[in-house]
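Engineer: Straight from TrEMBL, here's the annotation block:
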- A:36-54: transmembrane segment (TRANSMEM)
- A:66-84: transmembrane segment (TRANSMEM)
- A:120-211: domain 'P-type ATPase A' (DOMAIN)
- A:224-245: transmembrane segment (TRANSMEM)
- A:257-280: transmembrane segment (TRANSMEM)
- A:ASP310: active site, 4-aspartylphosphate intermediate (ACT_SITE)
- A:ASP347, A:GLU351, A:PHE380, A:ALA381, A:ALA382, A:GLN383, A:THR384, A:ARG385, A:ILE386, A:SER387, A:LYS398: ATP binding site (BINDING)
- A:ASP521, A:ASP525: Mg(2+) binding site (BINDING)
- A:619-639: transmembrane segment (TRANSMEM)
- A:659-684: transmembrane segment (TRANSMEM)
Amino acid sequence: MSSHKSKPQSLFDTRIIGVAAVDALRKLDPRALARNPVIFVTEVVSALVTVLFVRDLVVHNGQAAFSGQIAAWLWFTVLFANFAEAVAEGRGKAQADALRRTRTDTPARRYANPENLRGPLETVNALDLKLDDVVFVEAGEIIPGDGEILEGVASVNESAITGESAPVIREAGGDRSAVTGGTTVLSDWLKLRITAAPGSTFIDRMIALVEGAERQKTPNEMALSILLSGLTLIFLIVCVTLWPIARYSGTELSATVLIALLVCLIPTTIGGLLSAIGIAGMDRLIRFNVIATSGRAVEAAGDVDTLLLDKTGTITFGNRMATEFLPVAGVRVDDLAAAALASSLADETPEGRSIVALAKGDFGLPDPDLDPAETKVVRFAAQTRISGVDVGTRSVRKGAIDSILRYLKTSMDRTPHEFRQAVERVAMSGGTPLAVADNGRLLGVIHLKDIVKPGIKERFAALRAMGIRTVMVTGDNPVTAAAIASEAGVDDFLAEATPEDKLGYIRKQQFGGRLIAMCGDGTNDAPALAQADVGVAMQTGTQAAREAGNMVDLDSNPTKLIEIVEIGKQLLMTRGSLTTFSIANDVAKYFAILPALFLATYPELAGLNVMRLASPQSAILSAVIFNALIIIALIPLALNGVAYRPVGAAALLRRNLLIYGLGGLVLPFVGIKAIDLLVAALHLA
Amino acid sequence: MTLTGWSQIALVLALVVACAVPFSAFIARVFAGERTFLSPVVGPVERGFYRLAGVDPGREQDWLGYTLAMVVFSIAGFLSLYALQRLQGVLPLNPRGFDAVAPDLAFNTSTSFITNTNWQNYSGETTMSHLTQMLGLTVHNFVSAATGLAMAFALARGFVRSSAQTVGNFWADLTRITLYLLLPLAFVLAFALVALGVPQTLLGAVDATTLEGAKQTISIGPVASQEIIKELGTNGGGFFNANSAHPFENPNAWTNLLQIFAILLIPTASVLAFGRVVGQVRQGSAILATMAVFVLIGILVVYWSEAAGNPILAALGVDPSLGNFEGKEVRFGQAMSALFTTATSGTSTGAVNSMFDSYTPLGGLVPMFNLLAGCIWPGGVGAGLYGFLVVAIIAVFIAGLMVGRTPEYLGKKIEAREMKLSMLAVLIYPLIVLGFVGASVLLQTALDSLGNSGPHGLSEIIYLFASSNANNGSAFAGINGNTLWFNTTGGLAMLLGRFAYVVPVLALAGSLAAKKKIPASAGTFPTDGPLFVGLLVGVIVILYLLQYFPALALGPVVEHALMLAGKTY
């Protein structure tokens, strides 16, 4: 999985930090901050304390040093929150810029009349291309925009977006007719119809998403914002009403300390990191070479409980391979292997090569010593489905059972008993039997088998532990499908699946309350991709498929669906853990600030000062400083996400509750005490 | 604390749970409108009511229709109760010839009884005629409780149903709950009370000649019938001013046991019934276990604190061996007073068999915290269940994300709309309680009502609004609530505490019902084990502590610290 991951970005790239620091200041604009109620409230009260600080300076009441420091740290709280978001955006942007560089100032050769593809060409800037323009691109040129091939076949280097250096074939019609702007044609030529206006190509959309301009709150972010706003309101009520209640009790509380209490109580930690977490989630996907067209899709990925996986390429290695030779009675297995080897030398299909590999590898057979003069090769052809070799008078053939029977002019019921048994056994196990004949005599059967990728069964087991079902989709018949399904350990399978079957299956599962993720590349996959909650289209797929899905995998690797789900889960876990941490923090802050407020009136409350903080002022200041610094301290966690393990929900919950719940309770006691020692040592309060 | 005391507590609680388990199955049947063993008798009456009112019990309402029906019913109840009090002077069954109840008091009392609060700014035995007590107050003791349970039914349907538009029929729920649950239970248990010595008569008072030869008028009346529904319906409005401390309401240890049992039975059973109707008994058990944690800690603190007594008095030479017995009845003792207090404040009952004003600071802190939390362990009839579920939804949302999925509770995704409605509901409490407390301590007229100054005075005010808001109705006493300020603000707190809370809750029911039910898997946030119980306890403690810690610190906490320091004020 890591082979396609682009180089790990250092968390605090100095360039990103520099830009982010400036951005943090720029983001102080209250109009921008209003999107984030918690930090907005913090900014408003910071301004208020600043005014109080100025007043304290003017009237010389001896409070200026205290209110000045509180004001400064409140502003830092806002700035740190802005900084977190700016760093996340900066990292996303760095990723996006690399992609964008590929498409600046690309020249394009456009047909003056898109109706006439034999007509004259004009050279324009790629950025000036419009939807439905038709362009001509040939070897060595960069494709100027996302498009659909109208004519031509070409090999294209898509490494600019996929990081994969092997060229891919693109041709008109069928499932490989879409090309992406910024990729390079290596050979031949293409005539393309532009399918995305500049500024709305995939890369543009992705850049906009990570840059935050187009970022909309995802459903869960919205719900969390409501919780945070509600808590902010509650604490506003608590702090406002504390003033009269304290007054009744004989304590006049200053606005500065009430505001300090308010900012410590409202969930600034998660409020400040919330958008950074969201952006980092998208960014993690991009580093994984998957582009999500919305943050909603990343979130939905975490909720997915059913994965629809294509068998070929995802669960098995695309090609069937020879795994055993089954001779009939009276034939040695080595003889059968030798015959199979000889007959397959001229078979360049993957199956043929696997027979050669098995014979040479497991049976240690040498290359048959054949005299070229006497040898006549019969190449594999789709029509005959037979390949073989004639050496002198001897002719060896191997091929599909019915083809060989036809070649031998015989029928199944006239074959040896063991032969029929072997054929049946191979078919029952989900494999494909091939027959081998030597000079008209049946030697035995080659077992061709879909090979399940190593390690995939363990991954499915891990997914199952997370409550995610895997469903294998295949065009195979039910017997073959069932055999592979059981070998790969999937929970369910769809055999002889048509695109309609897929769509129907998704609908049925969704009706039962499940969320489905799938990947696909063909145009006929489009309806299912659109219907699925997470539809990952392959970059090599058709334009229709890419439009229908809500993610595009630049590497076109369907196995990545599993990692996509994990990234979605990690995003939600990070949010939840930091929310829990943030709320749990408040307990310690109360124990720091409340005794400080009322010790003068009620010295008996000294028992509540469990941290034994130096003085009331240093207690309040320390709590505010802790509250600001914890945002900075948690930025790495917010950007990298909390550790994800494929264990069950109960185990995850127990672990995270212990770390972020209990940790959130205990850590601030330690932190505030440490800051208090420092504040007292430096005589700051 | 004594072993006997704890044995008594354990006995009562065991009795409650033992009876609640089978009873929950019965509630689940009533919830589903299924046939019960009472159907042959009650069925015809039920159908008669539907015919009379022109209600088709099979026609369900969406959440808004359900809410409107509830509100209309409450307004009608308010108006009729108000009229009854104002006209009682010219109506029959008024043996002692009481006049019409004053307008502001009638308003306060009507509000109090339709909201299941039963805050009483009057002495029943010297204010209300028998007709008002029986036709007005006792009737509302039934229907306000039934209304509460009906709303819990609606919310439960939100969890049970999948992609549904409706949440039930309010009229049918109200009728079924009253006829199948409350009336039969009250009927049977009222006889038990009578047998144990509680009066049940239409006579007004008995004149007695005391040993000194003085004439004394002793009020009696239809006490037992009101007494039992006072507890069963978690109402709390006593026939007499002294409530369950009065020897005619609660004459002996056995009636005391029966009353605590009656307070806890329906709330406990309805939590278990919730587990049954959502299809997993364990879900109900987990909620009940969470509630039990708070109940047991409450009992422990009250019992321990009262048994430990007041060191200041001990220093003055008072024998400390009995602990703090001020304000408690000798026939109940400290253990059963502690249990009664925790039960009455953990539910929205508000009946009292001892006076909280005389408790030690920490002893008084327990009922106060229970009220501030909204009386949700195990809570008022229905009100406790829906109140607790709202808190559970918030807890699930906070912690649920940690398993890497959009939080879900009982197969329902908790999204922006659910969060909005839940937060809207829980915001009401601090807004009302802290808002009114803050305003009251600034007003000299309000402070004039206080019987004590300092932290204890603050406790009295906090308690008053917490009690009104949570629709509990118990009083800390020591404060004169019958003033224009407290009548008005207290009345508002009761109304908002009930209706501003349940409208979002019913909207929540509608929103949940419309959602698809997600099948549970290994990836689902587990809500039925000890882990969830621990999580809920933690979130609840932190949430409520954060809201009320400053106010509590300046009230009971500082009072406790002062007491330990040997200071008075």
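Each residue, glycine too, has its Cβ placed from N, Cα and C.
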Engineer: Between 0 and 100, where does the mean pLDDT of the domain 'P-type ATPase A' (A:120-211) sit?
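Structural biologist: Averaged over the domain 'P-type ATPase A' (A:120-211), per-residue pLDDT gives 78.
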Engineer: Please report the three-state DSSP label of A:LYS398 (ATP binding site).
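Structural biologist: Reduced to three states, the DSSP call for A:LYS398 (ATP binding site) is strand.
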Engineer: From the Cα of A:ASP310 (active site, 4-aspartylphosphate intermediate) across to the Cα of A:ASP525 (Mg(2+) binding site), what is the distance in angstrom?
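Structural biologist: One finds 11 Å between the Cα atoms of these residues.
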Engineer: Looking only at C-alpha atoms, tell me how far A:THR384 (ATP binding site) is from A:ASP310 (active site, 4-aspartylphosphate intermediate), rounded to the nearest Å.
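Structural biologist: Computed Cα spacing between A:THR384 (ATP binding site) and A:ASP310 (active site, 4-aspartylphosphate intermediate) is 29 Å.
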Engineer: In the three-state scheme derived from DSSP, which category covers A:ASP525 (Mg(2+) binding site)?
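Structural biologist: Once the DSSP labels are grouped into three classes, A:ASP525 (Mg(2+) binding site) ends up as helix.
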Engineer: State the non-local partners of the transmembrane segment (A:619-639) in its own chain: residues 6+ outside its ends, Cβ under 8 Å from one of its Cβ atoms.
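Structural biologist: Same-chain contacts beyond the ends: 11, 66, 69-70, 73-74, 76-77, 80-81, 83-84, 87-88, 91, 257, 260-261, 263-264, 268-269, 272-273, 276-277, 280, 283, 574, 578, 581, 585, 589, 592-593, 595-596, 609, 611, 613, 668, 671-673, 675-676, 679, 684-685.
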Engineer: Between the Cα atoms of A:LYS398 (ATP binding site) and the residue listed as 'active site, 4-aspartylphosphate intermediate', find the distance and write it as a whole number of Å.
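Structural biologist: Cα to Cα, A:LYS398 (ATP binding site) and the residue listed as 'active site, 4-aspartylphosphate intermediate' are separated by 30 Å.
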Engineer: If we count other C-beta atoms within 10 Å, could you say which of the binding-site residues A:ALA382, A:ILE386 has the fewest?
Structural biologist: A:ALA382
Engineer: So how far apart do the ATP binders A:ASP347, A:GLU351, A:PHE380, A:ALA381, A:ALA382, A:GLN383, A:THR384, A:ARG385, A:ILE386, A:SER387, A:LYS398 get, largest Cα to Cα in Å?
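Structural biologist: The widest Cα-Cα gap among those binding residues is 16 Å.
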Engineer: What three-state secondary structure does DSSP assign to A:THR384 (ATP binding site)?
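Structural biologist: Reduced to three states, the DSSP call for A:THR384 (ATP binding site) is coil.
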Engineer: Whole-number answer please: how many Å between the C-alpha atoms of A:PHE380 (ATP binding site) and A:ASP310 (active site, 4-aspartylphosphate intermediate)?
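Structural biologist: Computed Cα spacing between A:PHE380 (ATP binding site) and A:ASP310 (active site, 4-aspartylphosphate intermediate) is 28 Å.
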Engineer: Among the binding-site residues listed here, A:ASP347, A:PHE380, A:THR384, A:LYS398, A:ASP521, which has the most company in the form of other Cβ atoms within 10 Å of its Cβ?
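Structural biologist: That would be A:LYS398, with the highest Cβ count within 10 Å.
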Engineer: Could you work out which of the recorded positions (A:ASP310, A:ASP525) has its C-beta surrounded by the smallest number of other C-beta atoms within 10 A?
Structural biologist: A:ASP310
Engineer: Quick one: of the recorded positions A:ASP310, A:ALA382, A:ILE386, which has its CA closest to the CA of A:ASP521 (Mg(2+) binding site)?
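Structural biologist: Out of the listed candidates, the nearest Cα belongs to A:ASP310.
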Engineer: Cα-Cα separation of A:ASP310 (active site, 4-aspartylphosphate intermediate) and A:ALA382 (ATP binding site), in Å?
Structural biologist: 25
Engineer: Reduce the DSSP letter at A:ASP310 (active site, 4-aspartylphosphate intermediate) to three states and note it down.
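Structural biologist: Strand, per DSSP.
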